[in-house]
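Record features, source TrEMBL:
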DOMAIN    25-144  domain 'C2'
DOMAIN    186-306  domain 'C2'
DOMAIN    340-466  domain 'C2'
TRANSMEM  566-583  transmembrane segment
TRANSMEM  595-628  transmembrane segment
TRANSMEM  710-740  transmembrane segment
Amino acid sequence: MQKGPIHEEFALKQTAPKIVGSGVMIGGDKVTVAYDLVEQMEYLYVRVVKAKELTKDVTGSCDPYVEVRVGNYKGITKHFEKKSNPEWNYVFAFSQDRLQASYIEVCVKDKDVVLDDMIGRVVFDLVDVPRRVPPDSSLAPQWYRLEDKRGEKLKKGEIMLAVWRGTQADEAFCDAWHSDAAAVGSEGISRIRGKVYLSPRLWYIRVNVIECQDLLPSEKNRQPECCVKVMCGNQVLKTKISSIKSSNPMWNEDLVFVVAEPFEEPLVITVEDKVGSNFEFLGKCVLPLSIVPRRLDNKPVPSKWHNLEKHTVVEGEKKETKFASKIHMRLSLDGGYHVLDESIHYSSDFKPTSKLLWKSSIGLLELGIISATGLSAMKSKDGRGTTDAFCVAKYGPKWVRTRTIIDSLSPQWNEQYTWEVHDPCTVITVGVFDNGYLQGGKCTSIGKVRIRLSTLETEKVYTHSYPLIVLHPSGVKKMGEVQLAVRFSCMSYVNMLSKYTQPLFPKMHYVHPMSISQQDFLRFQTIQILSTRLGRAEPPLEKEVVEYMLDVGLHMWSVRRAKANFFRLIYVVSPILAIGKWFDQICHWKNPLTTILIHILFVILVLYPELIVPTFFLYLFFIGIWHYRLKPRHPPHMDIHISHTHGVLPDDLDEEFDTFPTSRGSDKVRMRYDRLRSIGGRIQTVIGDLATQGERFHSLLSWRDPRASALFVTFCLFAAIVMYVTPFQLVALLIGIYVLRHPRFRHKVPSMSTNFFKRLPARADCML
């Protein structure tokens, strides 16, 4: 009884915005064609460049600023102290649908303690304002003589201005001071502007610690038990204690770190000797990353010997010893890997670090962030709830941030962005946030949406309103809806289809793979580096925004998520149980006609065994064609039933939102509880991976990825034809020889069938 309304509330809704790309609007000028995934918004732009020969008081100096007023809306520049020739270079944008005036007034005023005096003004009639359509060149500002209140020209005082009409396609839109943000001061205006960010290029640096020579422990008669500690910024890793207890220990261990360009932190290598429960310093080596060689494949780089510096303190002064021990290492910046910053299940990029290994793009992804409706109030203002909302979209190394709409629960952004696509089996993530920095707080997440590109048909515009679903300690809650328009364009269909037969990750991931624990450690460090670097931009992309977009803490144990993965697994194996029930019905003659047909088919296949395989492929072909009419017509979205949030218990939510380490109970209970959550997190991941593999089998014929299903159905047809005309014994012989082939003829890179299978979509995208 309750499932229907709940499902309807959290369902994806088809929308019909007034955009050219959806076919609702016909025609349009250059602007609507260029920005065809968002609704066209008209703006009145006023560029205030500078002024000259301004005088007001007896001394001839003034503290000038400019006030631009259109009806009830106004914009104010910052003021300069005692400057008669100020330069502002401000752009104000007034939304056309809010204008209730017939003229624009640009006033130059003198800042005063009591009352600001007007130096002069310029008035424009809105009818005379020209319209600019990009890609036309920007309108050249002109000098205008200031007038007094009676409209008479002043003897001195001019201001350089440019006034025009345009849309959000104008270059000045991003840096403009919008009329709806008039309450934001000049110090906070940079915090609400929309920007495009690029993640720094990330490298894996591999430190292969081989051996040391001539180490000098403090006790000469004792054989040292040494290990090597390597530090790179905040990352610290240690080798095991050498099994060779001597002054020439050996390790031959690999330590891998993440670094970002431009390189800022050096490598600090320290050799330590374990004395009892403590470690004694034996030498240190500091190496800048700029001297580390870069490699693109698995060929080893030359190893080198480095001196270990050891300083001793004598009477408060550092004294360097003349004799230096040495350490033998092999260092390399591995550009053949893709540095993971997102979860593998919904990653937006698989390209290697080195651009020399990149292949040409296969298509274009266009995203129109139109609006949001029904957003939850995230804070209070003047006794009422309000939200200062902005969106962040991430695909590959490119992050985009829309402008912040001040004090609105139904903001309209109408901003369009574009990304190059190198792999169709990737996911774009769009998050909605409340800008808390204007009140001195932090940004709060409202919800996010994931869209897998392989589930989109090419050249088709998808316009939907996505529910923003968030799990709170009190249960699942809808925080509003965000309206998006998405289009995936393909340059070469053949190149895109060929991607399904290629490895998902670069070759180095298979030739020289990393352990699961290494991947988890490196991904955690990668997120920390990205948070720091993007937080240094202007305006900064806050740490809480980056971590929410990259799903930090998703691997932690959750009873709810474990239940969800279990039921996903049950859903995957349910067809096998259904086949068993169907066969049981055949054996018990529940449907006599079907049983007789099965007997006839069984006799034919026994007499002619060469028909078994082609009949199987032909059956899959017809099943795939039959399921085409049931293929999904919209992208996948967050599903509360798949996430198992509709039946979660309060105690389960209390555990999921508990801190780690836990804050419940005594120290002993906390230790056991944390251990249980850690083990449970791994079990949960394994169950999820098993469910993902089974869901990929389902997607072969479900047309969730229309291109993959088309490839598989076509393969089934050709396989059936080939099997019909080729003797079964020959096919069986070839398959057996291929399976038993010599290792010399095997490749470390996965086969085409494996690559195709790993690229198939699963339902992990739809989980909270």
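Backbone N, Cα and C atoms are what each Cβ position is placed from, and that goes for glycine too.
Counting only same-chain residues 6+ beyond the ends of the transmembrane segment (566-583), those with a CB under 8 A from a CB of the stretch are 642, 644, 687-688, 690-691, 694-695, 697-698, 763.
Mean model confidence for the domain 'C2' (340-466) is a pLDDT of 91. Broken down by DSSP into helix, strand and coil, the domain 'C2' (340-466) contains 12 helix, 63 strand, 52 coil. With a threshold of 8 Å between CB atoms, the same-chain residues lying at least 6 positions outside the transmembrane segment (710-740) that come near it are 497, 500, 609-610, 612-615, 617-618, 620-621, 624-625, 700-701, 756.
Each residue of the domain 'C2' (186-306) gets a DSSP state, and the totals for helix, strand and coil are 7 helix, 62 strand, 52 coil. Residue counts for the domain 'C2' (25-144) under DSSP, split into helix (H, G, I), strand (E, B) and coil, are 11 helix, 52 strand, 57 coil.
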